[in-house]
2 protein chains.
Amino acid sequence: MATQNWKERAAAKKRQQQESIPKEWVLTNLPDKSQLDVSEFPRTCGLLTGREIEITESYVDVILDNLAKGSWTAVEVTTAFSKRAIVAHQLVNCLTEIFIERALARAGELDDHFRRTGSVVGPLHGLPVSLKDQICIKGIESTMGYVAWIGKPVTKNAVLTDILESLGAVLYVKTNVPQTLMFPETYNHIFGRTLNPFNRSLTSGGSSGGEGALIGLKGSPLGVGSDIGGSVRIPSAFNALYGLRPSFHRIPYAGCVNSLDGQISIYSVLGPMTTSMNGIKAFMKSVLSKEPWQYDPLCVRKRWNEDEYRLLDYNGGKQLCFAVLWDDNVTMPHPPVLRGLEMTKQALLRAGHKVIDWKPLYHPELYEFVPKIWGAVGDADYEVATKLSGEPIIRKMALVEGNLDTPVEDTIHRFPPLNLTAFEYWQINVTHRELRQAYLDHWRETAAVTGTGRPADAIISPAAPYVAPPHGGNWNAQYTTVWNTLDYPACVVPVGARVDPILDVKKPRDSFYGDGDRRNWDSYDPETFKNAPITVQVVGRTLEEEALVGISEIVDQALQTYKSKL
Amino acid sequence: MATQNWKERAAAKKRQQQESIPKEWVLTNLPDKSQLDVSEFPRTCGLLTGREIEITESYVDVILDNLAKGSWTAVEVTTAFSKRAIVAHQLVNCLTEIFIERALARAGELDDHFRRTGSVVGPLHGLPVSLKDQICIKGIESTMGYVAWIGKPVTKNAVLTDILESLGAVLYVKTNVPQTLMFPETYNHIFGRTLNPFNRSLTSGGSSGGEGALIGLKGSPLGVGSDIGGSVRIPSAFNALYGLRPSFHRIPYAGCVNSLDGQISIYSVLGPMTTSMNGIKAFMKSVLSKEPWQYDPLCVRKRWNEDEYRLLDYNGGKQLCFAVLWDDNVTMPHPPVLRGLEMTKQALLRAGHKVIDWKPLYHPELYEFVPKIWGAVGDADYEVATKLSGEPIIRKMALVEGNLDTPVEDTIHRFPPLNLTAFEYWQINVTHRELRQAYLDHWRETAAVTGTGRPADAIISPAAPYVAPPHGGNWNAQYTTVWNTLDYPACVVPVGARVDPILDVKKPRDSFYGDGDRRNWDSYDPETFKNAPITVQVVGRTLEEEALVGISEIVDQALQTYKSKL
């Protein structure tokens, strides 16, 4: 039965999704497909009231403050974001599960509580939070885009779901992912492809691409993605968001569905994606306040440390020394990415910080290590899920004749299947540890050149060697994956600029690091990437989320001050 | 060349070791081999002065205090413990590398510093610390008992070695291990077998059995062992010591040699073994003060937390609720072990705490999981080291006709070789995580029965189903390994009693859990285990080392008060 009907099962699920959208929110005035930048459409489409536009364009701190004061109700905030999420979905196809009725009922209970007691149930009281499809909510499906997983509502909340609800969050939508999760773009056979709201000919990134596009359109104030090689940071970068990849085991992952389950060399982690640094902090601080290690056996027993956030170990945040990774000597970033790094450097210098160059160490070796992990078991993991329904394994995200709905059929494995023995696999783990050791030593030894007495306080890195590329063109996740491999927390911060054909001209290059570098440079043309957001990545050391949030706020503030004075 | 001469190479190394012993400390009045209890011999042998006996019979806090006050010099403390270590070695064969001259030079430098500045170099100033053979010291070999590794002094300190030296510790000897490290007894082809000082017909345990016997004879005030399945706790239990297995990645392991390198499902960890709880605390607090995460990329960034140590989350340590694991329903412990648990229960009740029974959950499944990890790669790891020299892999620790120096030749694998693929290995990791989840939930749910509003504050568990057994008889490490599998920190605490044929009579049993249980019961006879120390294991939850130390101190104090009033 399985093989013949996977397309029908996928189509039926997609119809079911369409039916879960409130009828009155189905728009008839959608922009034509040829309109690439749809980022302003939600505020002009007519579905949202002025107040709803105000609510959905507020940062997390303002939303929480208004809810806690009783100025806004949870129902009206939930309604506003639900409407905008549905508008976003019609523009860029970013959602999987939609359960607004349930969300409004929950919001009503929160409002009742507030009216009855005059107080909030927790620090996220009434805040709508969107979740990547793999984060389980009892009674709702987590297909992860696999046809075989349709029709199986999960029976138990993920630990993070329980925690978010206990903090007062309102869950209302889940968001799209690529089949297998192991792509930095977002397409699967059930829900199709998610587009970039700033230029729909570009990818929203992945694997948390549904979150990226949704929050990019302000259809959610705060979402949760997962990141094993950049899956929080790439869509954050491509959609002008703030996105944090925490260290392994800081945020509870227990109870989520996943790919490559049992692979424990490079763990996937959950992290927040949002429109401000205060959203990142609110998520981290409030989730950790619930002591997730009581519920997830892998979680690190470490409370949010306010002293670390206030940078007591980093001169109180004054006169820091940043190290800029301009180029990994493998793939030179495109001009807009380099401009973002330069803007950040200038902003930090003006704010009184020091900036040095970061020398990449063993990046080729780290890049070589990663596909050995992803390819260690060949297709074995993906086959478990796909064979049940007969759907093929998607191996490429490129378009066929511009058709967004059909991936190129391809037999080439993205990660060469190694089918390793356990002993061979262990030897890769040894290399991994040696590389982590060398990189940590390298970082510590920068104390000799910073002039602060400390090692570099953070690395400023590209999030990718390009801004959001055309669909099928996101071939290189090395600028994010390298930090997963080292287990360094990393936060994407928008520089507040978009690709500008005048500023971001292509310059000729005489020599290249290799074929990939040449191909990447060849692919650059400012028109192709027009309007794509520019961001940087701020990188800290393992398990210093608090300090990284504090330092990223400094970077963000420096950039805002710098731009305001240009 | 390799195969024919491994015995000669081993013998040459052993002669070299003998030559590294100061001639004047070679004793001619050693007790006859038939004398089983040699625990009192060091104080009566005549080599140590009265003051040296006082020094070596002091706890870590007293030693550190006298050093910091200048009452004792580092040279005299180092001399005292060096002498006693050499006596111990002649009684129970506990050492591998001996470098007393180097240690005295170092101690002299510390004394110079103290005289010059009036202050100590760090919190462990002048404290002799013994290290398990695998912990690398620059310029000294770390053979780990492998013949192939003879003659290769290591070129770099382990991270912990650097930290201990920076804290002021004096390193002077390294201690014996079993070949492969994967035995709970201590025998290898180079250094031979380590005996139990309380009864030399019994094992010292393993794999940190050299440490156990050395510290049992007070030849070291504090040692560092490693523990992947009980290797700190078993020799601590068999030699009447305090021994802590910290959680994964709390104490830096970087720069040590190891077995099963690259196996990351159940990590080996380093932990302290000593003669008092204050020694455990001094080690943990001082090592963490050096921020090991700056040097070891796997180390958790978590400072020693004094609030957690003072049990602020546990009612300040008052009216705790302990849960006693009397029996895992797989192998019932021998009578002296049950007596130790009962003494602890009575002591805790008298101290005003509550005691409930711990219901073991999924112990058979957890026990089944472990050999899948150890056996995942078959002999591949051991062969890398043994084939280079041609020495055989040791598979059994039993004696041939009572000869301590020859293991039984055996072709039976202790861990059935599985030679798994990486994918199969990943599936075992999934099971592992599910078992950890279930156990954590089970523990949390005890809040319903403790009456304190909290889950059980700690588990009191046997360290083994027996006290120190005869050589070759330590077949069951499940009461320790289960906590490694769950990554729960666990601390061995002596109850201050020894096996007593009058108190520890064998009682008939009608039924057994299985063959292993029956065999274990059959092996009990109080005469066989005469004089062996009795201990318990105090178990906490992942990464709560501070609280576990605080709670273990409460258990220790309760036992001492209880015994003083008997």
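Placement of Cβ uses the backbone N, Cα and C atoms for every residue, glycine included.
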The substrate site in TrEMBL includes A:Ser207, A:Ile228, A:Gly229, A:Gly230, A:Ser231. Which of A:Leu181, A:Leu244, A:Leu260 is also listed there? A:Leu181
If one looks at the chain holding A:Leu181 (substrate binding site), which residues at least 6 apart in sequence have a CB under 8 angstroms from its CB? A:Gln134, A:Met144, A:Ser207, A:Ser226, A:Ile228, A:Ser231, A:Asn258, A:Ser259, A:Ser268
Between the binding-site residues A:Gly229, A:Gly230, the one whose Cβ has the fewest other Cβ atoms within 10 Å is A:Gly229
Mind computing the max CA-CA distance among A:Leu181, A:Ser207, A:Ile228, A:Gly229, A:Gly230, A:Ser231, which the record assigns to substrate binding, rounded to whole Å? 11
Remaining residues near the recorded substrate site, that is with C-beta within 8 Å of the centroid of the site residues A:Leu181, A:Ser207, A:Ile228, A:Gly229, A:Gly230, A:Ser231: A:Met182, A:Phe183, A:Pro184, A:Gly206, A:Ser208, A:Ser226, A:Asp227, A:Val232, A:Ile234, A:Ser268, A:Ala477
Alpha-carbon spacing, A:Gly229 (substrate binding site) to A:Lys132 (active site, charge relay system), which is rounded to whole Å: 16
Take the C-alpha atoms of A:Gly230 (substrate binding site) and A:Lys132 (active site, charge relay system) and report the distance between them in angstrom, rounded. 14
